[in-house]
Amino acid sequence: MRGARGAWDLLCVLLVLLRGQTATSQPSASPGEPSPPSIHPAQSELIVEAGDTLSLTCIDPDFVRWTFKTYFNEMVENKKNEWIQEKAEATRTGTYTCSNSNGLTSSIYVFVRDPAKLFLVGLPLFGKEDSDALVRCPLTDPQVSNYSLIECDGKSLPTDLTFVPNPKAGITIKNVKRAYHRLCVRCAAQRDGTWLHSDKFTLKVRAAIKAIPVVSVPETSHLLKKGDTFTVVCTIKDVSTSVNSMWLKMNPQPQHIAQVKHNSWHRGDFNYERQETLTISSARVDDSGVFMCYANNTFGSANVTTTLKVVEKGFINISPVKNTTVFVTDGENVDLVVEYEAYPKPEHQQWIYMNRTSANKGKDYVKSDNKSNIRYVNQLRLTRLKGTEGGTYTFLVSNSDASASVTFNVYVNTKPEILTYDRLINGMLQCVAEGFPEPTIDWYFCTGAEQRCTTPVSPVDVQVQNVSVSPFGKLVVQSSIDSSVFRHNGTVECKASNDVGKSSAFFNFAFKGNNKEQIQAHTLFTPLLIGFVVAAGAMGIIVMVLTYKYLQKPMYEVQWKVVEEINGNNYVYIDPTQLPYDHKWEFPRNRLSFGKTLGAGAFGKVVEATAYGLIKSDAAMTVAVKMLKPSAHLTEREALMSELKVLSYLGNHMNIVNLLGACTVGGPTLVITEYCCYGDLLNFLRRKRDSFIFSKQEEQAEAALYKNLLHSTEPSCDSSNEYMDMKPGVSYVVPTKTDKRRSARIDSYIERDVTPAIMEDDELALDLDDLLSFSYQVAKGMAFLASKNCIHRDLAARNILLTHGRITKICDFGLARDIRNDSNYVVKGNARLPVKWMAPESIFSCVYTFESDVWSYGIFLWELFSLGSSPYPGMPVDSKFYKMIKEGFRMVSPEHAPAEMYDVMKTCWDADPLKRPTFKQVVQLIEKQISDSTKHIYSNLANCNPNPENPVVVDHSVRVNSVGSSASSTQPLLVHEDA
């Protein structure tokens with residue numbers, strides 16, 4: 001049997017040799033040149049059923065060798081002429097190559113068709129950004145259709161993903177993008193009408209390096225004492241680990257420093273971070289110098305330097321004070337400011353008054369700031385100084401190595417005050433006065449009982465004596481005059497004066513015989529009485545004129561109105577004076593330290609202040625304080641109290657300026673609210689016009705921490721509910737380019753105990769996503785007000801404030817706005833009204849409703865997307881303007897508004913109030929325009945809002961006919977005349 005088999009094989013070999021000259025699948029050689037071996041069967045591809053015998057023969061006069069390359073690139077060798085595989089398996093699918101001694105080869109590709117195994121799957125799926133990646137899923141059966149790539153969960157592949165199938169190798173993904181990272185795919189094909197799928201492949205993308213590393217150090221200068229430990233951490237950020245870094249000392253040539261500790265980690269898929277920690281355990285003076293942190297990748301290099309200065313011992317250097325001699329008028333405030341450099345940091349700081357007592361009295365306060373690593377500022381504010389409080393004020397500061405001091409000489413200028421003037425002693429008239437600077441006493445005489453004398457007394461008749469001399473307090477001066485110089489009945493005036501002011505006293509006397517006696521002036525029909533009557537009459541006329549003008553001028557009132565009920569076409573407002581006030585809001589006014597004025601109007605002002613112990617007993621926080629001017633009348637005081645009650649009634653919301661406290665007893669009413677560090681939105685938009693970026697393209701997420709923020713189910717804020725300290729925030733990254741910058745801002749609202757931010761909000765550019773976010777936030781805030789039955793009546797960009805994280809807050813700025821000089825407010829009757837922001841029913845019928853607020857919101861959107869332009873540009877408010885509003889004139893789309901947002905504006909400007917959307921519906925419309933990450937961030941921030949309340953939401957989808965008369969006290973605009 002074996003002999004028969006051998007003969008058969010020999011016959012096959014001969015047949016192959018005879019046919020080899022014509023077989024197109026085998027390589028051929030020119031006469032005289034070595035020829036490649038021949039393979040039987042003589043074809044480029046062979047299909048073998050699984051379980052059958054695979055038999056291949058290599059024919060060549062010389063030695064031959066078979067090699068088989070598996071689907072996962074392993075090589076199997078066979079040095080026989082024949083390759084026989086009994087019961088072939090699908091894993092034997094691949095390329096079989098025969099080579100001879102001349103190095104010439106011939107190949108055949110074999111498919112081992114297995115009904116149970118269509119795909120050969122092996123090796124993980126890796127790809128480099130901007131290159132091709134091969135999904136190794138070759139087929140065991142080439143006779144299938146629709147060989148392609150699908151997403152694991154049945155979703156659509158990325159729209160820009162393209163691939164090329166090859167049954168022998170797999171499927172090649174062309175031009176891999178970073179966005180494909182962790183994309184799960186399967187190979188798929190159709191056999192006999194049935195879809196078959198391979199195992200899962202997860203694509204891991206290696207980022208292409210397209211930028212230099214980001215290198216940073218927390219401080220660019222360091223000051224140490226000899227023997228202290230110097231530690232500086234350099235942070236290097238790149239897309240992958242293929243970045244080199246080191247510390248160098250510039251001496252002046254760079255010298256590599258080997259004693260460096262390395263730490264590294266991945267903060268997300270394409271965010272690799274490394275820290276190089278340089279430590280000098282015991283610094284010497286000659287260690288001073290410039291240290292450079294250097295990093296490079298295939299794209300380029302980056303570096304940052306920090307300077308070290310080592311001193312022998314600590315020091316305190318007080319900066320020269322321009323003027324240590326201070327003059328202040330009685331009752332005024334004065335700030336004593338000392339700037340100094342100290343290292344180590346000061347351990348003791350104190351103000352001393354007159355070398356014996358502390359200068360920090362109850363009504364004064366001391367403020368100390370660390371301006372930089374070693375620079376400090378200390379300020380003593382002396383409030384409402386009295387004449388007796390002049391003197392030396394000394395600032396003492398010390399640390400472990402040094403001490404220093406500086407002394408201020410404070411002089412309080414006081415108006416003269418006459419102490420004694422009404423006695424005639426031994427024929428002498430005496431006048432004693434005190435004041436600073438030293439008063440000058442002059443004497444005047446007039447006949448009769450007058451209250452003003454003009455005839456001076458000759459100086460030779462006057463004796464002047466300094467009673468007391470004090471270096472800082474009031475100076476007392478006495479002057480005497482001999483009464484014998486007066487020959488007639490009359491009045492003597494003693495007048496004391498200095499640079500601050502003057503005061504007078506009068507001495508009336510009459511002759512009786514040869515003696516002079518002090519007498520009382522006649523009290524009936526005296527010139528003085530007549531003068532008083534005339535003055536009183538003139539004063540009465542003036543008062544009447546002023547009263548008339550006062551009644552005609554606009555009065556301060558709370559813009560926000562709370563609706564009590566809706567009766568048919570009429571809104572009935574709650575009288576805010578009847579709202580309750582909870583004294584839990586009371587805050588001690590002596591714990592407020594006032595700073596600069598943020599805004600001022602005809603009735604009052606808003607002042608930046610520091611509140612001590614508002615949230616925690618040992619914490620200071622920046623707040624805004626509303627207050628009236630000293631000239632405020634009862635109506636203004638009641639209006640401010642009403643505003644306080646309305647704010648306390650509304651409760652807390654992230655997108656309104658929230659009430660923090662109040663001072664209503666022991667002085668004028670103060671309303672303490674949140675401080676918004678970036679001012680009003682209108683001016684913010686105008687500042688950002690030149691840096692506006694019109695883009696909505698997304699980038700990949702850059703930090704796992706912030707992915708957790710986006711996908712967490714719990715709020716990512718702390719639970720302390722502290723009011724935000726208005727200092728630079730912290731920076732982090734989230735999936736989109738704009739969200740990345742927004743998160744750097746918003747994080748200061750959420751995470752207050754992490755790395756300081758690289759950028760402040762006000763340094764970042766403005767883009768379309770910011771405008772959409774502002775639109776969304778203001779709509780949310782107005783929806784909250786509507787849920788509390790509150791109508792705003794003056795919604796505009798000027799009444800929206802901006803704080804850290806670019807969080808918008810709706811406010812009523814009427815108290816601190818000078819509407820008399822604001823062209824946005826037009827005088828009608830006794831009111832100044834923002835006509836260009838008002839709905840037609842508000843202009844012509846004085847109707848203020850939820851729907852009129854929606855109209856104003858549409859105008860606000862126009863302001864927003866025009867980056868702070870004035871609405872109806874170039875159009876004055878006159879009869880022509882009123883006519884155009886009545887006839888349905890509406891503004892065209894602003895330059896930067898997407899079509900969808902202009903559609904929202906037009907729905908807000910519907911002439912029929914009932915057809916305008918509610919704020920709840922506006923929120924839903926804008927939610928479709930903003931990114932999911934922005935919505936999620938906003939949701940997290942809303943959950944973090946301190947002391948949240950859960951108001952009962954009133955559904956305003958049940959609309960009423962709003963065109964009715966208003967209970968507002970504001971007068972309606974007069975119907976205009978046609979142009």
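Glycine is no exception: its Cβ is also placed from the backbone N, Cα and C atoms.
Given the structure is predicted, the values throughout are model-derived calculations rather than measurements.
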Where Swiss-Prot places phosphotyrosine when the choices are Tyr411, Tyr571, Tyr882: Tyr571
Whichever of Cys446, Cys453, Cys494 is disulfide-bonded to Cys431 when Swiss-Prot is consulted: Cys494
Rounded inter-Cα distance in Å - Cys98 (disulfide bond), Asn799 (Mg(2+) binding site): 84
Average model confidence [pLDDT] within the topological domain 'Extracellular' (25-527): 84
Pairwise CA distance, Cys494 (disulfide bond) versus Asn799 (Mg(2+) binding site), rounded so that it is a whole Å: 57
Helix, strand or coil at Asn799 (Mg(2+) binding site) [DSSP, three-state]: helix
Candidates Asn303, Asn370, Asn489, Asn799: member of the recorded positions with the richest Cβ shell (10 Å): Asn799
Distance, Asp812 (Mg(2+) binding site) to Asn303 (N-linked glycosylation site) (CA atoms, angstrom): 49
For Ser893 (phosphoserine): intrachain residues, at least 6 apart, with Cβ closer than 8 Å: Phe865, Ala899, Tyr902, Met905
Asn370 (N-linked glycosylation site) versus Asn296 (N-linked glycosylation site) - Cα distance in angstrom: 36
Distance, Cys137 (disulfide bond) to Asp794 (active site, proton acceptor) (CA atoms, angstrom): 66
